[in-house]
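Here's what TrEMBL has on this protein:
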DOMAIN    21-126  domain 'Thiamine pyrophosphate enzyme N-terminal TPP-binding'
DOMAIN    218-336  domain 'Thiamine pyrophosphate enzyme central'
DOMAIN    428-553  domain 'Thiamine pyrophosphate enzyme TPP-binding'
BINDING   Asp459, Asn486, Gly488  Mg(2+) binding site
Amino acid sequence: MDTVSNVGSAALPISAPGSGTLGSHLARRLVEIGVSDVFSVPGDFNLTLLDHLIAEPGLNLVGCCNELNAGYAADGYARAKGVGACVVTFTVGGLSVLNAIAGAYSENLPVICIVGGPNSNDYGTNRILHHTIGLPDFTQELRCFQSITCTQAVVNNLEDAHEQIDTAISTALKESKPAYISIGCNLSGIRHPTFCRDPVPFSLAPKMSNPMGLEAAVEATADFLNKAVKPVIVGGPKLRVAKAQKAFMEFVDASGYPVAIMPSAKGLVQEQHPHFIGTYWGAVSTSFAGEIVESADAYIFVGPIFNDYSSVGYSLLIKKEKAIMVQPNRVTVGNGPSIGWVFMADFLSALAKRLKRNATALENYRRIFVPPGMPLKCEKNEPLRVNILFKHIQDMLSGDTAVIAETGDSWFNCQKLRLPENCGYEFQMQYGSIGWSVGATLGYAQAATDKRVIACIGDGSFQVTAQDVSTMIRCGQKTIIFLINNGGYTIEVEIHDGPYNVIKNWNYTGLVDAIHNGEGKCWTAKVRTEEELKDAIATATGPHKDCLCFIEVIVHKDDTSKELLEWGSRVSAANSRPPNPQ
């Protein structure tokens, strides 16, 4: 086989896009793994690469207003399709997208972050390049990405480019974490024998549990649960990364136990299931769900993450000796055995066959349950209340919709929505980066074309990332955005108040109208009363159902959910703990 020995040689053939080059190989790989849309911001180091991505018929390049939103969009896309990708330029673009990639890492999302890097001839030359911090060391960006990606590939020669790219992408898929790939700006258009044929599809070997470990874990767990009087199940966010949602529901059906979810698992468990009792979130749990979970004599947590937010400032009344913790590859039973290389889906399917059906806790729940009261009806022209807003959002939900909840009080209000079967739901609880939802809504809607996305975004968060409403309009998306204007960072007010939590009020509908600028389909409304809200929803779901609808909802600055008030005080107490004595 002929090889190319010097990537800097003028004799190397620079090929048109789509003709067996590094760029075309990368583009085909992305399509092959399920990426149809790549979110990008052009810069001089990635322009040739973008030409090759555009030339791939199965790939659509979505230009974003900034790198942070491109990363958030790839995050949202990965939630809907299982993998996402973004392309930025060297250092100025790479460091801008870091925050979004860190969020994807925290949420176990395989996002392929591709960076157009320096010319391959400049490595090791002691040259200083633009878009850097003025040092001849090109590794600053790489070092930043090392702690927030599962693998990194710096492609600055063609000999091993094929292997580097394929290893990075396959590792991201196997580990369900982001990958970083830097491509030298002069390499994308060069032919090489390793790219002369279409890439062979990946064959990722399934992870198989250790049979002896699986048997030991199932036996210990079944023995523990079968002795319990009123056991319960709590689903956690790692159900997604473990790809165990189907096995989880098999387990729920077989057990007879009531099932609750941790807040960050909302959308991963069928809420219309007859065993579903709501969200377990300590002191801010769904009514009666918290009492049933914390009074159980055994609870099995499947894929949990216990942090200061999900534990309401470390205040959960959960006892280790009563708990079984099922992680994606490990099972721990009370204070007893902890068995590794046991994979969640295998474990749940096997456990379902070994349990004695026990509906005691579910019967207790049904005995004490009282349906929630409806919000008081607003009087005519009375200022709109948040609980009234969410009553109407609840009525909009179906299997053809998806909810995106921004960090803030929308966490708590959206958590109380009862999701119909197949209704999507996403939020970013572990990382909690305000502004995430704008880019994530763009990406999710671009991937989930069969659903109408309903995004609930606070005014403070919207101000961080508002620009990419422009990209939603360009892409012809039909999302409904509820912009909740309460004059500031309400979630932070309830943790620790100060003048820094008050923001400059914008004319949000006016801003979106200016972004629209008569190009594309967009409709806006500003509502202050329930009647105006009902009219706006009727218009958004009727005459304007095929366009982006932006509804600014003006509410009182102190109109918050009761759950936020309780949660905020407990998180504040956790944050303000004094130093331990030395």
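Each residue, glycine too, has its Cβ placed from N, Cα and C.
Quantities reported herein were computed from a predicted structural model and do not represent experimental measurements.
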Please list, in sequence order, every residue of the chain apart from Asp459, Asn486, Gly488 whose Cβ lies within 8 Å of the Cβ centroid of the Mg(2+) site. Gly458, Gly460, Ile484, Asn485, Gly487, Tyr489, Thr490, Ile503, Lys557
Of the residues in the domain 'Thiamine pyrophosphate enzyme N-terminal TPP-binding' (21-126), how many are helix, strand and coil by DSSP? 53 helix, 22 strand, 31 coil
Under 8 Å Cβ to Cβ from Asp459 (Mg(2+) binding site), same chain, six or more residues apart: give me those in sequence order, or none if nothing qualifies. Leu483, Ile484, Asn485, Asn486, Gly487, Gly488, Ile503, Asn505, Trp506, Tyr508
Across the domain 'Thiamine pyrophosphate enzyme TPP-binding' (428-553), DSSP labelling yields 58 helix, 28 strand, 40 coil
